[in-house]
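Have a look at the structure below, then the notes.
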Amino acid sequence: MPVEATETEVVVTHPSNGNTAVKILNYGATAYSWTIEGKEQLWLSAAAKLDGSKPVRGGIPLVFPVFGKNTDDEYLSKLPQHGVARNSTWEFLGQVKENPPTVQFGLGPELANEELTSLWPFDYTLVLTIELGKEHLKTDIEVVNTSTAEALKFNWLFHTYLKIDDIEDTMVSNLAEFKVYDQVLKQTYIDNQPVVSVHEELDRVYQKVSENRVIQVVDKGEPIHTLKRKNLPDVVVWNPWVDKSKSMADFEPKSDYEKMICIEPGHVHDFIVLKPGEKWSGSQLLSKDSLKYQVV
Ligand code: BG6
């Protein structure tokens, strides 16, 4: 069976290979495992909670309607870091395509975490579409403002935790020349380095990265992950390194900051504002590709 749904999760298997699969928890609609011919592509903490007691530490948590902690919006500022979507149980809407197998999940205020919805009382529908290819995983989000009277103001981000072999041998390409807000240094600057390499805690929001930039995670010269985006202009690169990993109870083993890097495409530098009835969508495509240096 290419799609198996239980009470708590959905497993999609590719018809060409029983070991190419994606597992999605209804909680947060979080894809927490993606394998290509048995090889895991996403990082998941050994201490991640998969029981809905907190957002999943790993996989692809969904960030909506606010990235980080907002301090100035009347309603968004009441929400916890990264918002409502990753703290809510989504509805499995079913399989929408046979091959590549594609499934959908939905969320709206009637289903979402009640406490958070009372703090941020807006009308919306989210539809997440997940397509599993032989060598790719596409996640597409559509947001509709279902209110007849009020605007809907939000951020969106796919908080993608990628599995890597060793952070010291890893670099991230094709982000040079863009403006960065560095959340560790609390500074804005243009990143002129040809590639991003990580030697300490790194938490950067690259802004308005042209859509034609293909972001690659390169391990000793070999591209191991390729990420393409539609309508997601900002890219967060995050690795917690030693001290921050220690401070996160659900980050285990503590040495695993060496085995992961988050590359998070989103729309977070500013807010998307939809008028009543309007729609917005964005997507992330994770795949395998040859090395493409677009800037050196
Ligand atoms: C990243 C942020 O997107 O998420 C970091 O840029 C943050 O600042 C990280 O630490 C993890 O956030 P959380 O809420 O899952 O611990």
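Cβ atoms are placed via backbone N, Cα and C, with glycine included.
Copied over from TrEMBL:
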type	residues	note
ACT_SITE	His159	active site
ACT_SITE	Glu264	active site
BINDING	Arg57, Gln81, Arg86	substrate binding site
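Annotated features, which come from TrEMBL, shown on the structure.
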residue : record                 : Cβ within 10 Å
Arg57   : substrate binding site : 22
Gln81   : substrate binding site : 12
Arg86   : substrate binding site : 22
His159  : active site            : 25
Glu264  : active site            : 24
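With a cut-off of under 6 Å between the Cβ and any atom of ligand 1, the binding-site residues Arg57, Gln81, Arg86 reduce to Gln81. The distance from the Cα of Arg86 (substrate binding site) to the Cα of His159 (active site) comes to 10 Å. With His159 (active site) as the anchor, the candidate recorded positions are Arg57, Gln81, Glu264, and the one with the nearest CA is Glu264.
Cβ proximity to the substrate site centre (mean Cβ of Arg57, Gln81, Arg86, cutoff 8 Å) flags the following additional same-chain residues: Lys54, Pro55, Val56, Pro61, His82, Asn87, His159.
Gln81 (substrate binding site) sits 15 Å from Glu264 (active site), taking the CA atoms of both as reference points. Here the binding residues for substrate are Arg57, Gln81, Arg86. Their largest Cα to Cα distance works out to 14 Å. On the backbone, the CA of Glu264 (active site) and the CA of Arg57 (substrate binding site) stand 14 Å apart.
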